[in-house]
Amino acid sequence: MWENKFAKESLTFDDVLLIPAASDVLPNDADLSVELSERIKLNIPVISAGMDTVTESKMAIAMARQGGLGVIHKNMGIEEQAEEVQKVKRSENGVITNPFYLTPDESVYEAEALMGKYRISGVPIVSDKESRELVGILTNRDLRFIEDFSIKISDVMTKENLITAPVGTTLDEAETILQEHKIEKLPLVENGRLEGLITIKDIEKVLEFPHAAKDAHGRLLAAAAIGTSKDTEIRAQKLVEAGVDALIIDTAHGHSSGVIQEVKKMKEKYPEITIVAGNVATAEATRALFEAGADVVKVGIGPGSICTTRVVAGVGVPQITAIYDCATEARKFGKAIIADGGIKFSGDIIKALAAGGHAVMLGSLLAGTEESPGATEVFQGRQYKVYRGMGSLGAMEKGSNDRYFQEDKTPRKFVPEGIEGRTAYKGPLQDTIYQLMGGVRAGMGYTGSPDLKTLRDEAQFTRMGPAGLAESHPHNVQITKESPNYSF
């Protein structure tokens, strides 16, 4: 032990390059899909971080539509986080199997509140909540000129000539019915009982986002962060009830007894939910979490742009080595790891994937997009969005202190492991994802990798020094026009 104290040398993204190989792979033909677990299949290997300036429902919806996954942060109340998950799960459906419904005796005000809360344009009306016999439908058109919202729904709903379809109707069949009758919502009934709903908006979204990441019911995938605090059990329960697909047990040090016990507890209670645990940076930690029941392990101690763990606590492993060591252990279990942090360019993504990551988690690269929840501000004539680490004072005061095992401390006693800052505004998420995945596709073409498994198994690295890094970036020239995928 003592003799080997300084034996390990570690590498990060700027220390290595992928070696080009013989290839018949065209970048546009590269397969970017990945299976993280039995129930989580993504069409791009990208996950947005569970940070309070990166991912809420708006980002999670946009990520899933691009084929990735969003992790809704936990710096909010339990009910609020569950509602954020519900917004994602209800934003897009092949067939809505559990549609919202109201009864004729409820008020128009209640209908307006429900439709506003979940941003829906109509709701089926049933005779009562037990029999659920369909008796009408209420849409925005029915409410357009209403002034007295205390009246009953029965006074304004559409009752006559309701257009319905039987359970089992396909989306193609539903589209024909909707277009023929010029309606937007098609209730699915069986013996008069409301059993489902298909909307024209959902059909349009299927056509607009053909590569969206969805569950077995055609709903967008959603993940949510939990911790190891006192409210974790009830938080997890509410998230599962809301339809979450993956629970991220998110801590700064995943190789700790509290996290391992939490993984065991969650996997035992929710075997159908994908359990992701982290963060770790060693093979031993990876093994411990997989043996505890984790489906996926998240790798990264201190590589993030807003993280100060390595300089405050003096702890961490440079990210490429951490990914490789953890992936080597994960291969023994036939399970996946997520490379979390330190990624500055699309080239870093493909390096992380080639080193053994099944997917990457991004914070700073996505924090400047339109869909992130960070506040927009103007500085020296340019637009920026606020971006902060979950170990920053502001985030810890809002609730992330348990991530750093400081739940019992008052704000004055917090020892932060992150900073608060700003990042340039980038516009819509889809533009950023397009550029990032374009870089990954290019790398797969250079390395002759038709899919991500081949990239993980066969791609080779070369080490480089500071001169090699300087040579890799533009040099001996003044950049006069910025590129959409490069800033330094």
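Using N, Cα and C of the backbone, Cβ positions are placed for all residues, glycine too.
As annotated by Swiss-Prot, domain 'CBS 1' applies to 95-153, with the evidence given as sequence analysis. Here Swiss-Prot flags 157-213 as domain 'CBS 2', drawing on sequence analysis. What Swiss-Prot lists as IMP binding site is SER305, ASP340, GLY341, GLY342, GLY363, SER364, TYR387, ARG388, GLY389, MET390, GLY391, GLU417, and the listing cites sequence analysis. Taken from Swiss-Prot, the feature active site, thioimidate intermediate applies to CYS307. What Swiss-Prot records for ARG403 is active site, proton acceptor. Annotation source Swiss-Prot lists compositional bias 'Polar residues' at 475-488.
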**Asked** Whole-number Å distance between the CA of GLY389 (IMP binding site) and the CA of the residue listed as 'active site, thioimidate intermediate'?
**Response** 6
**Message:** Looking only at the domain 'CBS 1' (95-153), what is the model's average confidence as pLDDT?
**Reply:** 88
**Prompt:** For the IMP site made of SER305, ASP340, GLY341, GLY342, GLY363, SER364, TYR387, ARG388, GLY389, MET390, GLY391, GLU417, how many Å separate the two farthest Cα atoms?
**Reply:** 16
**Asked** How big is the gap, in Å, between the Cα of GLY341 (IMP binding site) and that of the residue listed as 'active site, thioimidate intermediate', rounded to a whole number?
**Response** 9
**Request:** By CA-CA distance, flag whichever of GLY363, TYR387, GLY391 among the binding-site residues is nearest to the residue listed as 'active site, thioimidate intermediate'.
**Result:** GLY391
**Message:** Which one is it: of the binding-site residues SER305, GLY341, which Cβ has the fewest other Cβ atoms within 10 Å in this structure?
**Reply:** SER305
**Prompt:** Counting by DSSP, what is the helix, strand and coil composition of the compositional bias 'Polar residues' (475-488)?
**Reply:** 0 helix, 2 strand, 12 coil
**Request:** Taking the Cβ of GLY391 (IMP binding site) as the centre, count every other Cβ atom within 10 Å, in any protein chain shown.
**Result:** 26
